[in-house]
Amino acid sequence: MSSTLTPVRPAADTAAPPRRRPWTLSKTAVNGALVLATLYTLLPLGWLLTASAKNTADLIGGRSLGAGNFHLGQNLHDLATTGDGIYFRWYLNSLLYAGIGALLCALICVGAGYAFHVYGFPGKEKLFGVVLLGVLVPTTALALPMYLLASQLHIVNTYWAVLLPSLVNPFGVYLARVFCAGYLPGETLEAARMDGASELRIFWSIGLKMVMPGFVTIFLFQFTAIWNNFFLPLVMLSDNRLFPVSLGLYTWNAQTHAFPEYYPLVVTGSLLAILPLVIAFVLLQRHWKAGMTAGSVK
Amino acid sequence: MSGATSVPGGGTPAAARGGPAGTPAPRRRRAPFGAPVVLLAPFLLLFTACTLIPIGYAVYLSLFSERRSGLGFGGATTQVFTGLGNYARALGDAAFRDGFWNTAQYCLLYIPLMLGLSLAVALLLDSALARAKRFFQLALFLPHAVPGIIAALVWTYLYTPGISPVIDALNSTGAQVDVFGHPLPAIVNIAVWEWTGYNMVIFYAALQAIPREVLEAAVVDGAGPLRTAFSVKIPLIRASVVMVGLFTVIGSLQLFTEPVILHDVAPGVVSTWTPNMYAYSAAFERNDYGLAAASSVILALVAAALSFVVTRFTRGRDEKRAGKRTPKPTEHRTETAR
């Protein structure tokens with residue numbers, strides 16, 4: 001960016017030639033460093049991809065993959081049949097927890113963020129301060145007391161035990177308020193009020209529509225958070241038919257010492273478990289970048 | 001709390017005017033009556049049920065111990081008030097203190113490494129020389145799409161001799177690598193892999209928001225790319241760095257998933273290796289809920305204290321810098337003009 005501007009500064013404390021050299025060098029250096037960083041992030045995923053096509057012997061023996069020992073189909077078949085197809089039940093559970101949880105959570109967050117942005121009421125900023133403090137509470141420190149509370153209410157080991165805590169995301173409320181400030185012109189709401197629309201109607205058919213990009217962003221991040229959550233289901237669930245994928249794979253991995261044939265199941269199951277999120281992040285790039293920007297600027 | 005908005009006032013449609021945010025025009029209040037309550041209630045109810053009440057319940061539980069009356073089996077348990085007894089037991093337990101020591105070592109290694117790497121990569125990506133920015137951003141961010149448990153599993157396999165092509169290649173050169181003998185760097189590496197790209201995207205977004213004139217001014221003043229990065233860009237995105245640092249500290253204190261996976265294979269990682277693992281084993285292996293609650297509360301207090309220190313410390317620096325920074329460009333210009 002500065003190569004055209006460099007001649008402007010005639011004399012520097014250091015001589016010109018040694019300064020120019022790193023400049024020309026760094027084009028390869030910059031992109032080379034980025035390629036190295038990318039290799040670091042992608043190679044473990046590449047290993048997962050090839051490993052999921054290996055059978056137990058090739059996986060443990062560390063043999064490389066070839067056309068002769070391509071067992072992805074066999075692994076998928078084993079995945080579908082082991083434990084009466086429990087893996088895909090876990091998969092559906094994860095979709096349920098993450099899909100419904102993230103949808104409701106995004107709606108709740110946008111509602112609250114919208115209210116914080118649009119209305120004035122006594123103690124508003126104090127209340128918002130409490131919400132922001134909620135961002136700092138370590139969630140795993142809450143999981144144990146939540147488990148004990150849930151066991152008093154007899155909802156331990158039910159879908160509710162995992163779903164209800166997943167609906168709370170103070171950071172989502174903060175993001176929603178930031179998005180409302182960015183996307184909602186006051187005049188539009190005014191016009192709707194003039195037309196006699198009720199406040200809730202305005203939220204539902206105008207506010208929510210205009211902050212839809214923010215809604216999708218919060219949904220995406222919450223979906224990821226629930227899908228990736230391990231501690232909460234570990235604490236709350238003991239019936240393996242209610243497990244999400246993360247917890248199911250954990251219990252299978254614990255068996256690999258005694259039963260090495262679980263290795264390919266864990267590896268192939270892991271690959272399938274990351275596919276939905278990888279696809280979502282590739283397709284919805286605009287939305288997660290928007291979320292990170294809104295979170296970073298303030 | 002927000003029910004206080006129901007101040008009876010002029011309810012004409014025209015009264016619904018006024019700025020959308022913050023301005024509590026008294027005439028406006030009647031129109032939105034109920035709407036803020038309806039919109040805020042779901043969140044506030046769930047927040048109370050899943051955050052505030054558990055905090056209170058944890059504090060309450062931490063003050064009691066369960067005593068079995070009779071001879072154990074089936075005997076009724078009674079709760080006995082023990083005051084700070086559970087806290088004394090937790091803090092007096094060497095395993096709990098070791099957990100904090102492990103976490104401290106982890107933080108000292110992980111936080112500078114991850115922050116440094118993600119800042120460096122963000123600065124590289126922000127430079128005009130970088131190509132294929134969209135691809136790099138996506139590829140570096142992708143580990144965030146991998147659940148922590150799966151990241152830990154994959155890396156554990158990549159650490160296992162026989163399964164891992166990397167370890168096998170290293171061993172064949174004669175270097176005997178025993179990753180499981182050094183669990184700390186092994187865990188730090190998993191965390192760096194999971195979080196560097198994510199935080200890099202935050203830093204990159206903040207860097208992109210820096211006004212171009214500021215950077216051009218720096219170039220005109222004769223700052224090279226390194227000087228621009230360290231004296232202009234990083235100070236300008238300090239708010240993002242502080243925020244990421246804060247979340248990283250809080251996240252690091254909750255370390256659980258990665259050491260739990262390594263616990264199966266690395267003898268050094270005991271079942272109480274972090275404070276969180278200690279609380280989990282107190283609750284589910286020893287059924288000592290008072291102790292589990294007390295250790296959770298201690299963990300939350302440490303997190304609160306550290307967040308306070310991080311925000312306080314950086315805010316103090318902010319004010320000092322803000323006073324200093326304005327004269328800096330001119331100061332620099334006179335220097336080069338000389």
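Cβ atoms are placed via backbone N, Cα and C, with glycine included.
Remember, predicted model here, so these are calculated numbers, not experimental data.
Pulled from TrEMBL, these are the features on record:
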- A:91-284: domain 'ABC transmembrane type-1' (DOMAIN)
- A:29-49: transmembrane segment (TRANSMEM)
- A:95-115: transmembrane segment (TRANSMEM)
- A:127-148: transmembrane segment (TRANSMEM)
- A:160-185: transmembrane segment (TRANSMEM)
- A:206-227: transmembrane segment (TRANSMEM)
- A:262-284: transmembrane segment (TRANSMEM)
Which of A:95-115, A:160-185, A:262-284 has the most Cβ pairs closer than 8 Å to the transmembrane segment (A:127-148)?
A:160-185
With a Cβ cut-off under 8 Å, give me the same-chain residues at least six positions beyond the ends of the transmembrane segment (A:262-284) that come close to it.
45, 48-49, 51-52, 54-56, 59-60, 71-72, 75-76, 78-79, 82, 87, 91, 94-95, 216, 220, 223-224, 227-228, 245-246, 248-249, 252-253, 255-256
Residues from the same chain, set at least six apart from the ends of the transmembrane segment (A:95-115), whose C-beta lies under 8 A from its own:
131, 159, 162-163, 166-169, 172-180, 184, 203, 207-208, 211, 214-216, 218-220, 222-224, 226-227, 233, 244, 276
